[in-house]
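Notes for the one structure printed next.
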Amino acid sequence: MEDDVSVRVAVRIRPQIPREIIDMCQLCTSVTPGDPQIRLGSDKYFTYDYVFDIGETQEIVYSTCVESLMNSALEGYNATILAYGQTGSGKTYTMGSGFDVDLKPEQIGIIPRAIEHLFNGIHEIINNAQMNGVPPPEFKISTQFMELYNEELIDLYNPVYNKNYSYKIQEDQYGSIQVKGITTRTVVSVEDTLQCLRLGALSRTTASTQMNTQSSRSHAIFTIHVKQQKLITDQDDSNGIETLTAKFHFVDLAGSERLKRTGATGDRAKEGISINCGLLALGNVISALGDKSKKASHVPYRDSKLTRLLQDSLGGNSKTAMIACISPSDRDFMETLNTLKYANRARNIKNKVCINQDKSIRTISQLKQQIAQLQLELIEYKQGKRIIDEDGIETVNDMFYENTMLQDEVNNLRTRIKVMQETIDNLTLKNTQLLSEKAMGHWIESDKGHVTDMVQEYVKEIEDLKTRLMEANITCDHLKKQINKFRESSSLRNSLDREIPSLIEEARRKLEKEKDILTRSITEIYSDENNSEDDSESEEKEYKTKLNDELISLTNDIDMKQKLIDELELSQRRMHTMKQHYEEKLLQLQTKIKTTQDERDKMLNSYSTQPDQSDTIKKIKDEYSRKITDMQKELRKLQVAQKEHSRLLKMHNQNENQLKAYKNELLEMKRAKVKVINKMKEESQRHRETESRRLREIAQLKKESRKNENMIRSMEAQNRIKEQVLKRKQEEVSILRKIQRSKYGTRNKGVSYFEKDAKIKWRKLENSINNITLNKRGITEQEIRMENLLEKREALGKELEILEEKRTQLRKKFQDTGVLDGYIEDIQENLNYIQEKINETQQNVMEIEDYQDSTDTINVQDVFSSIYHVDEAKYLIDKLLAMTLSKSHAVAQSDARLKENDAMLQVLKQENHLRGQLLDHILHSDHLMLANQMTTSSTTTNTGSNESSRSESPDVTQYSSDSISQNSGRSKVRRRTTAAKEMLYGLHT
C-alpha cells in the first residue's frame, strides 16, 4: 500500500565567519522564536518544517531531521537526506561527508551519527527478538560512495577514472534507480562503515576559491543498503522468509556559485558551470513536482545525471528530507533568497512511499489465500451447495438449505428427546426409592400402645410427603442453576408461578428460531418466484396463493400446538419439583420421629428400674405429649400439601394424555407442512424451467441484437473515417485555394478571425515577455547596486580600520586626535547611510520577486500550445522574429556604445596617467614646500573622489573639500609663473 508523504524541508543558518565580521557584514536573517519561521530582510517571512538558528548543535539537527528517517529505513522504507545551498554555507560540515581528523565529538555530522544509529538499531532488534523467543532477523549492510563531477560519475571506492568506461544509470524491474558497475562494499560494524566513508572522502574532488578555501567541486552521494530477512508464520502455520530492503541516500550537493565572486578561472570555472547546470536541472524538477498547475506536465529527470540519480528521492518511493544551508550575511543576500525560494518549492513535492518487501513472499501469500478459497468452493460443490445450470451460470442449490433446515429440526428434536428421557429416568428412580422406603416402614405396625399407633400414622404420612419433598428439592436445584442467585420465596406455589413466564419465554425463543429457518426457506422460494416475469398466468398465481395460505395456516397451527406442548412440559416439570420437595420434608420428619422414639425408649428404660419416679415419668409424658402435639400440627400442614399434591397428580395425568395428543397432532401437521413445501418446490422448479427457457430465448435475441449493433458501429466507424478523409481533403483544397489566391493578389480586405486571435495572443505574449524582461532587469540593476554598495562599505571599513589604528597610536603618544575623531565620525555616518541603502536595495529586490510571483504572467509555452492554425503560427513567428531582430539591433547598438565608452575610458586613463607623471615631475623639481602642499591636497582630493564614486552620500564630498580647504589654509606658498593646473589643462586642450 502506497502512502503520500511530503518532502520535509529544514533551513540551517551558519554563523558568520571571521572574514565577514572583518568586512563589517550585517545579519539579514532572523528566526521567529518558537516557530519554524525565518525572516529575511525587514518583512519577508518563510515557513518550513524545521528551522535551525545560529548556534544549533549537530546533535539537534540529527535528532530532529534524520533520526526518524533511519528508523523508517530499518522498517523497510527508502530514505534520502540532501543538503543544498550556496558555496561555503556549511553543507559538507552538516552532512559530515568530509574527512577531518581533528573533529570534536559534538561536531560530528549527520552521516557518522546515522551509521552509529543504524547498527545500534540492528542490535536492539536482534535483542528484542531473542527476549521474545523469536528467531532474530539476519541483516546485511552494504555501502556505495560516488560523486558527479562535470556530469561524469566517479566511483570514490575506485577513483581511477577511466574515460573509456562510463557507469550506466538504469531502472530495475520494480522502478528503482540503480547504477550499473559501481563498487559495493559490505560492512559489519560502525568502524568498517566509517572507514569506507573516510576512504571515499579522501578521493573526493575539492579546490580553493575566493569564497571557500576547501570547496566541493562535485555532488557526492553516500548510499547505505539495508537488507533484512526474518522468519514469519502464515495463517496455516507454515513458515516463510520475509525479505525487506531499504536504501538510504546521503546527498551532499555542491554549492551554487557566481564566477564573479569566486574568481574561478580555467578548470574551476568549468566545474562551477557544470555545478550550476546540475542544480538548474534539479530546480526544474522541483518546480515541475511542486507546482500544482504543472502536475500533469513532464518531469525532466533526464536533463541531468544528478536528477536521474535522485529520481527515487524526488517524487518516487522514498522518505526525503532536505536541509537548506544559508549564510546570514547581507553580502550573500541574493544567494540566501534564492536558496529559501528553492527550498520552499521543495515542500510541495509528494512522494509515494511503500515498504520494499520481497514480491515473491507477497505472491505466495496471495496464492495461498486463493487456494484456500478455491478449496472452500470445491467443498461447497461436493456438498451440493453450489451447482451450475444448463447455461453455465453458477447458482446455489435449494436442497442444501432444505437439508440444513431439516438437520436443525432433527437436532432440536434430539435435544428434546434427551431432556424427556432424563425426566423419565428421574421419575423411575424416585418411584423405586418410594417403594423401598414404604417397605421399610412396616416395622412400625408391630409396636403397641397409643403413642406407637400415632407415630406409625405419622411415619406413613411422612413417607408420603417425603417423596413430594424430594421432587420439589430436585426441581428447586435445577431452577437455581438456570437462574442466577434466585431466592426461594415463602410459598412454593408462588415460586412456580413466577418461573412459568420465563420458561414460556425461553420456549418461545426456540420456536422463533424454527420459524426463522422456515421463513428463510419460504423467502428463497419466493425469491426464485419473484425472478419470473409479470406476465405469468393467473392460474399459477392462484395455485401458489392457495399453497402459501395453506402453508401459513399449517405454520400457525404448529406454533399454537408447540406452545401448548411447552406449557404441558412445564407443568410436568413443576410436578416433579413439588414431589422432590415433599420427599425431602418427609425424610426430615422421619429422622425427627426416629430420634424422638429413641429418646423416649431410653428415658423409659432408665426410669423403669428406679422406684418412686412417678413425677419424673409424668414430666416426660408431658414433654412427649407436647412434642406429639407439635408434630400433629406439622402433620396437618403436610396433609393439606398431600391433598394439593393429589390434585396436581390428577392434573399431571391429564396433561400427559393431552401432551401425547398434541404431539401426534404436531407430527401430522409437520408432515402436512413438508408435503406443502414439496409441492411448492415442485411448482418452483417447473416455473424455473419455464423461466430458463424464456431466458435462453431472450439471450439469443440479445446476441442477435449485439451482432446487429456491432455491424452498425462498424459501418458508422467506416463512415466517420471517410468523413475525416473527406474533411482533410477539403481543408487541403481550401489551403491550396488560399495559396493560389495569395499568389494572384486576391486576398480579402477584411481581417479573418484567426488573424484577430493571433494578434490577441501576440499582445499577451509580448506583455508577458516585457514583464519578465523588466523584472529580470530590475533585479539585475538592484544586484549591481548592492554589489557597488558592498564594495563601498568594504573600502570604508578598511579606511576606518586604518584611522582607528592611527588614533590608537596617537593616544599612546598622548597627541591630539580631534581631527581623526572627526574623520572617523564622518566615515561611520557614511557607513550607516550605505547600510540603509543596502537594506533598501534588499527590500526592492524582495518586492520585485513578490510582484513577479503574484503577477499572472502568461506562460510562453501555454501560448504556443494554444495555436491551432498554421497562419497563427506564422504570424507569431514573424512577430517574434521582428522582436528578436529589434532587440538584437538594440543590443548591438548598446555594445557599440559600450565599446566606444570603453575606448574613451582607456584614453582618459592614459591622459590621467600622463597628467600624474607630469604633476609628479613638477612637484619634485622646483619647490619642496609647494610639492608637499600639492601632494597633501592631491591625496585628500583623490580620497574624496574615490569616496564619492563609491557612495551616494553628499557628506563624503563635503568632507574631502573641507579637508583640502583646511590644508590649503594652513600653508601659504609663493606662486610661480605657471601653475600645475594650467599646464595640465593646457595639455588637455
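Including glycine, each Cβ sits where the backbone N, Cα and C put it.
Note that the structure is a prediction, hence the values are computed from the model and not measured.
Here TrEMBL flags 6-349 as domain 'Kinesin motor'. The ATP binding site annotation in TrEMBL covers Gly85, Gln86, Thr87, Gly88, Ser89, Gly90, Lys91, Thr92. Taken from TrEMBL, the feature coiled coil covers 357-524, 579-732, 779-844. The compositional bias 'Low complexity' annotation in TrEMBL covers 936-948. Look at TrEMBL and you will find 954-970 tagged as compositional bias 'Polar residues'.
A map of TrEMBL features onto the structure.
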| residue | record | CB count, 10 Å |
| --- | --- | --- |
| Gly85 | ATP binding site | 27 |
| Gln86 | ATP binding site | 23 |
| Thr87 | ATP binding site | 25 |
| Gly88 | ATP binding site | 24 |
| Ser89 | ATP binding site | 27 |
| Gly90 | ATP binding site | 19 |
| Lys91 | ATP binding site | 28 |
| Thr92 | ATP binding site | 26 |
Across the coiled coil (779-844), what is the average pLDDT of the model, as a whole number?
81
Any idea what DSSP makes of Lys91 (ATP binding site), helix, strand or coil?
helix
According to DSSP, folded down to helix, strand and coil, what is Gly85 (ATP binding site)?
strand
